[in-house]
Amino acid sequence: MYQGNPDREQHNAEQPPPSSAGGAQETIIVVGQEGQVKQPQLERRKGKLASKFPLVNISRNLLLAYQSLGVVYGDLSISPLYVYRSIFAGKLQDYQTPEAIFGAFSLIFWTITLIPLLKYVFVVLSADDNGEGGTFALYSLLCRHAKFSLLPNQHAADEELSAYKYGFAGQSTSSLALKRFLEKHKKSRTILLIVVLVGACMVIGDGILTPAMSVISSMSGIKAAAEHLSHGEVLLLSCLILVGLFALQHSGTHRVGFLFAPIVIIWLISIFGIGLYNVIFWNPKIVSALSPYYIIKFFRETRKHGWMSLGGVLLSVAGTEAMFADLGHFTACSMRIAFSFLVYPCLVVQYMGQAAFLSKNIASIPNSFYNSIPESVYWPVFVIATLASIVGSQSIITATFSIVKQLNALGCFPRVKIVHTSKNVKGQIYIPEINWILMILTLSVAVGFQDTILIGNAYGLACMTGMFITTFLTTLVMIFVWQRNIALATCFLLLFWFIEGVYLSSAFTKIPQGGWVSLVLAFVFLFVMFVWHYGTRKKYNFDFHNKVPLKWLLGMGPSLGIVRVPGIGFVYSELATGVPSIFSHFVTNLPAFHSVLVFLCVKSVPVPYVSPEERFLIGRICPRPYHMYRCIVRYGYKDIQRDDGDFEDLLIQSIAEFIQMEAVEPQCSSSETPSFDGRMAVISKKTVQSTSTLIVSEDFGMSDAIQSSKSLTLQSLRSAYADENPQMRRRRVRFQLPENPSMDPAVRDELQDLIQAKEAGVAYIMGHSYVKARRSSSFLKKFVVDIGYSFLRKNCRGPSVVLNIPQISLIEVGMIYHV
């Protein structure tokens, strides 16, 4: 049994101490399923660590490895289409010699070996967050092991979630010192968040640049074979394919996943065969270029121009970040199998074969891949290349949807519509607004540049920046989560920062030749994220500073100084503790309020998923006659908030279970705490279903619900609403009290009041807030809040839509926040 203080939020330096609210404190009582005490954290950690290394289920991992080829490795596998052409563009055109080609292949081989194979397969894939990968998974891990988060809505009970703790117990002395330093300085935590947001922006930039890069590269083959086609006609064909690609996104990746995997497999086998043929037929001596000695010879000959050409070499590992970002769909073991035994050898042999061909055909560098294909298989390979380029684009678009979902859950992106496209795989989602924005920007890049060299410069800069940030965050995870020695983690950081820093410095030289596009895209998205996050934090801080004191509520009495009408009022608030100021705004402006009030806080916690058994945290506000409760509904950053049709009923049952538990559990009835302290408990969904305090009966249709209202006007309105919304004609649940003579009369009366309020109807109460900067604020703050944040709030989805609140039962009252 765990008891703590829910006001122990993760406060920033500028946060005020928790409001005493009349000296009352809140007690959290976290109860597991069927009232059992939760497993101690240390034992749970051991169980998690043991589950990380099960006996390998070969058949399952092979199936997942097969599926990962169609989702993850499409982008990485089509890089042979454009790598050599990008390397020998610009100043390196004067060094097109067999020795330079040998050196270029040696660079490609060691880049693929060190970054995707050594760094990602053997290290980064292990830095998962309960099976989830990506930049925000790393950030989430760090925020759970140290107070790095700037989001102020952390709750003490969140730390008792089964998925919350991950890692080793204890802290080394050196890591503790570093942890305290980072926690103490708000600027360091702000810089960490900005670094994470920049990494997310680069992934979104990849989602714009990858489709244009891959499709235009594949279309270059048809221009080489059909010379009568003009450049404009090929570009038009590329744009049509791009439009079709984005138009198919609404169907979901699960419908085409099994189609994509065979395409990538056939593509990989094809390029392996072509590469092996070219090595044997053109120049078997290319095998000697596996030695890093040829890299030294390459730079000795090309010098500065060779360093500048590294921007083309890094395109050979473009798409590697998707390996980690899409980890949640598969397992680390399956992705290691797919890359190590199929993707890696096929790519190495293909690059080797192209180099062998080019060493004897220097003039073919501008169209190296298609010129190296034997004529007898040219058109089949071209068709497979086109399909593979579409598959490659799909993987990064899917990763972009996941990144935006995580940003949205953590309060760093405006609210958008999220469609869950698969009943079986939680992570497969579709976001219409983001999809069409990506399509417009991708078409703009394709039409604006019309050249894979320029697009590749921007593409390479975005990819390497993302890898650079992943290396940094993985190092922090090694120190704070894995508890590795700081010296070992520093060696990892310096090794890969040196390698990636060389490539990144080369990519920065290409900013005037197209690289600026990725910087502009990153700046735009970063500005949107910063403005939304800043406005959200300021609004939350306003609510936190102006919480309603419990003394004020207690002084008003159970009637709250107004008429309490039959029914239940769900008051939505972003506060996880205390009574929001918007409630006093309601009380002073409305003549009546519902007989039962439930303060609802729907929040995201820094874990991927929250199990339904742990979703509801139920508590009481004020003494029993007030009939005021609090419910915190918790979702993970990858959970989808869906309207399952029984939210109201499940919440009522949970409150009833809490009332009953409060009367019988000694932890809930401690004499040391007053009766209005707002006790909270995790009520398991399974517990509610198996040992429900109420008798549940069901019928279907809305006729009873319509006739239950005493108002004829309201009956007609609900009837009209039901006719326009046939989906609302779903099951109706009725609650009854069981015949239990031993039940406490006070508990029975309270449960009876709850049932009567439910029968009278449910209303959802939400503030329609307007956020304004104070008159004394600086010009920059007024611009960010009054223009930027206000624009985003007006043009994103409203909170009632995101929370699936029925409009017929919604009450909104305007309120101005001066921040």
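A Cβ is built for glycine as well, from the same backbone N, Cα and C atoms used for every other residue.
The region 'Disordered' annotation in TrEMBL covers 1-25.
If you look up TrEMBL, you'll see 1-12 marked as compositional bias 'Basic and acidic residues'.
TrEMBL lists 64-554 with the feature domain 'K+ potassium transporter integral membrane'.
Residues or ranges marked as transmembrane segment by TrEMBL: 102-122 (among others).
Note on the transmembrane segment (190-209): residues 134-136, 138-139, 142, 148, 150, 182, 318, 321, 325, 396-397, 399-400, 403-404, 406-407, 412, 438, 441-442, 445, 455, 458-459, 462-463, 465-466, 469-470, 472-473, 517-518, 521-522, 525-526, 529-530, 533 of its chain, located 6 or more positions outside it, place their CB under 8 angstroms from a CB of the stretch. For 190-209 (among others), the entry in TrEMBL reads transmembrane segment.
Sequence-distant contacts of the transmembrane segment (229-248), counting only residues of its own chain at least 6 positions beyond either end whose CB sits under 8 Å from a CB of the stretch, comprise 211-212, 215-216, 219-220, 222-223, 256, 386, 390, 393-394, 397, 435-436, 438-439, 442-443, 446-447, 450. Here TrEMBL flags 229-248 (among others) as transmembrane segment.
Taken from TrEMBL, the feature transmembrane segment applies to 260-282 (among others). Here the transmembrane segment (260-282) has Cβ contacts under 8 Å with residues 66-67, 69-71, 73-74, 77-78, 80, 342-343, 345-347, 349-354, 356-357, 359-361, 372-374, 377, 380-381, 384-385, 387-388, 391, 394 of the same chain, all six or more residues outside its ends.
Per TrEMBL, the feature transmembrane segment maps to 307-325 (among others).
TrEMBL lists 337-357 (among others) with the feature transmembrane segment.
Sequence-distant neighbours of the transmembrane segment (377-404) (same chain, 6+ residues past either end, Cβ-Cβ under 8 Å): 70-78, 81, 134-136, 200, 203-204, 206-207, 210-211, 214-215, 217-219, 221-222, 225, 241, 245-246, 249, 253, 256, 260, 263-264, 266-267, 270, 274, 319, 321-322, 325-326, 328, 369-370, 413, 416, 427-431, 434-435, 438, 638. Taken from TrEMBL, the feature transmembrane segment applies to 377-404 (among others).
According to TrEMBL, the feature transmembrane segment maps to 425-447 (among others). Within the same chain, residues 132, 207-209, 211-212, 215-216, 235, 238-239, 242-243, 246, 249-250, 252-254, 328-329, 397-398, 400-402, 404-405, 416-419, 455, 458, 517, 521, 609, 638-640 sit at least 6 positions outside the transmembrane segment (425-447) and bring their C-beta atoms closer than 8 Å to a C-beta of that stretch.
TrEMBL lists 459-481 (among others) with the feature transmembrane segment. Only residues 6 or more beyond the boundaries of the transmembrane segment (459-481), in the same chain, are considered here, and those with a CB under 8 A from a CB of the stretch are 86, 115, 119, 123-124, 127, 135, 138-139, 141-142, 145-146, 166-168, 175, 178-179, 195-196, 198-199, 202-203, 205-206, 209-210, 213, 311-312, 314-315, 317-321, 324, 488-490, 492-493, 496-497, 500-501, 503-504, 507-508, 510-511, 515, 518-519, 521-522.
What TrEMBL lists as transmembrane segment is 488-508 (among others).
Summarising the annotation, TrEMBL assigns transmembrane segment to 514-532 (among others). Sequence-remote contacts of a segment are chain residues at least 6 beyond its ends whose Cβ falls under 8 Å from one of its Cβ atoms, and for the transmembrane segment (514-532) they are 194, 197-198, 200-202, 204-205, 208-209, 311, 407, 411-414, 441, 445, 449, 453-462, 465, 507-508, 784, 788-789, 792.
What TrEMBL records for 566-818 is domain 'K+ potassium transporter C-terminal'.
Remote same-chain residues near the transmembrane segment (488-508) are listed as 111, 114-115, 119, 123, 307-311, 313-314, 457, 460-461, 464-465, 467-468, 471-472, 474-475, 478-479, 515 (criterion: CB distance under 8 Å, separation of at least six residues from the stretch ends).
Counting same-chain residues at least six beyond the ends of the transmembrane segment (337-357), those with a Cβ under 8 angstroms from any Cβ of the stretch are 61-62, 65-66, 68-69, 72-73, 76-77, 79-80, 83-84, 101-102, 104-105, 108-109, 112, 116-117, 121, 265, 268-269, 271-272, 274-279, 282-284, 286-287, 289, 316, 323, 364, 368-369, 371-372.
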